[in-house]
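Step one of this worksheet: look at the structure below.
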Amino acid sequence: MSQIKAFTLFFKKSIKVRLLFYFLLTSMLPLILVGYIPYYQTKTTVEGQMLELSQSVVNQVNQNINYYMKDMDLLNDTIYYQITEMNVKRVNLDIEEIRQFIIKQKANRPFIENISVHMENHTISTVENIDWNVLLSKDWFNDALNYSGESTWVGPHLNDYISTSQTKGVISLVYPFEINNKEKIVILIDMKKEEFEKLFARPDLTRLGTLLVIDKFGEIIYSTDESLFRESKNQYSLNKAYVSNNVIIEKLKENNHFIYDINFISGWKIAALIPESKINESFSDIKEIVFWLLGIFIVISFVMALLLSNSIFKPLKKLQRDIMNVEKGNFNLSPNVGSIDEIGKIGLSFNKMVEEIKRLMERISENEKKKKQIEMQSLQYQINPHFLYNTLNSVQWIAKIHRVPDISEMLTSLIKLLRASLSSINTLHTLEQELEILDFYLKIQNQRYPDCFQVKYKIDNQLLSARVPRFILQPLVENIFFHAFADGKGEISIEASSKDNFMQIAVQDDGRGIKAPTMESVLKKENDSKRKTSSGIGIQNVEDKIKLYFGSIYGLHISSEEGKGTTIFINLPITFEQGEDDEDLAKGVNSGR
């Protein structure tokens, strides 16, 4: 484990090792593919040809078996109809006539070993000395008797129910039926096993694999390889893998190919088992040649990769030294790679990166200066607040003494407005507090323009505790009295709504509106002098303040139509956090821009 860690550490530290490794990897993979693909294609072609041959053999064997089974099935039907016809015409069946009939049928079919007909009191057979009691002791025979009116095919077995000097192997067809709804009759037709085995005598296939027959219960009932009879009946899964020419092909464990066709007369599966090892034997010579060629090409690739990695590593090492010099803070250093290839392009890209870093640093410095300017500008707007605040308090007391309530009320609102402005310029407060500040200002304007304007509020109560920058509504409403309402007459609407995590405050008036050229310059910074004199802190100051706190994606949007009014939309993030230092809260929101 320690050796692996040491190699991993060395691999990570040395670019030369990585280059050599990757060059070898990229050069050897194509070589391996070039060598393997033809080998694999040849193997696939030959394997496909072998499987096609196996399909053809299995299909042909099944057709030959069908030929014999159809003949035996036809013979069974002929005997059945002969017996039923005799039963209709006569009271009792003529035993000798039935015997002569089945003997005649057997004579025309040399592959038949025996034909027997068993009735309740007689057993008629083409051979002598058939022992019916021995038949009744056979499980396969008793199973067949349970299916009256149906044919049952029995795989290879010994006909030891015939008392002869030597038993023989046979394939049997058993057909039990009833006549007159009472008398039970059984037809037994035995086919010679040697005739059945001749159908599987295919040297072109048996030299590669094994032919076998599986009954409908999954038992192997015949095989050209006797050892397969010892296999479990669940050894071969018969789920379809793919079908070609009505022959089903599967790939079993150990990559053996299992090919079978279904005999629909008996329900048996005529199959071929082709071991993968037999297919691979014909590829041993090709495999050896391919491996030798691959070995030679790999050695050549290693030498070429070593030379190539050295040609790249040396200029990269020089570039690394230059980068370390730049890392120390010398942004005026330009690495001289001395080449026009890809590494030279890396040097040029590095130069561009250094220039971009310099521009970013200058931009950050410029933004910090701008922030300080906005803060200083806001400080200037306070107009010596402590002196003014104390003076207004004195005037208010004089107005009360001389019983001038209008002046006293107006001064009260002005003092509250001034008191709010004396708070830290870099703090946030709630929307509810911002609306209170606006209310102080509107009371002052109401004294100036009594009963001339109306203010409507539509505020989502859940947003009253949301945090907003100070003095973002009063400058916008003040701008309405400066520009929209020449005589103070009109209607103002303040709406606050939310969507997802954003809050939008709309300040709307029904005044004169803004001309298109004028509206384009409202938020432009170059109109700074006009802003200061015409509308106090002004629209641009509110815009700058919002962007300073929350980022460039937030701010103001103006919609106006000349003669119909103006709407200013304030877009802010929704946050309800409270703390002693709301400036930190604003910075936290601003960091996500």
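For all residues, glycine too, the Cβ spot is worked out from N, Cα and C.
Unlike curated records, TrEMBL annotations are generated automatically.
For the coiled coil (350-377), the model's average pLDDT works out to 76. The annotation coiled coil is assigned in TrEMBL to 350-377.
Taken from TrEMBL, the feature domain 'HAMP' covers 310-362. As a summary of secondary structure, the domain 'HAMP' (310-362) carries 39 helix, 0 strand, 14 coil according to DSSP.
The feature domain 'Histidine kinase' is assigned by TrEMBL to 472-576.
Taken from TrEMBL, the feature transmembrane segment covers 20-40 (among others).
According to TrEMBL, the feature transmembrane segment maps to 289-308 (among others). Long-range contacts of the transmembrane segment (289-308) within the same chain: residues 19-20, 23-24, 27-28, 31-32, 35-36, 39, each at least 6 residues beyond the stretch ends and with a Cβ under 8 Å from a Cβ of the stretch.
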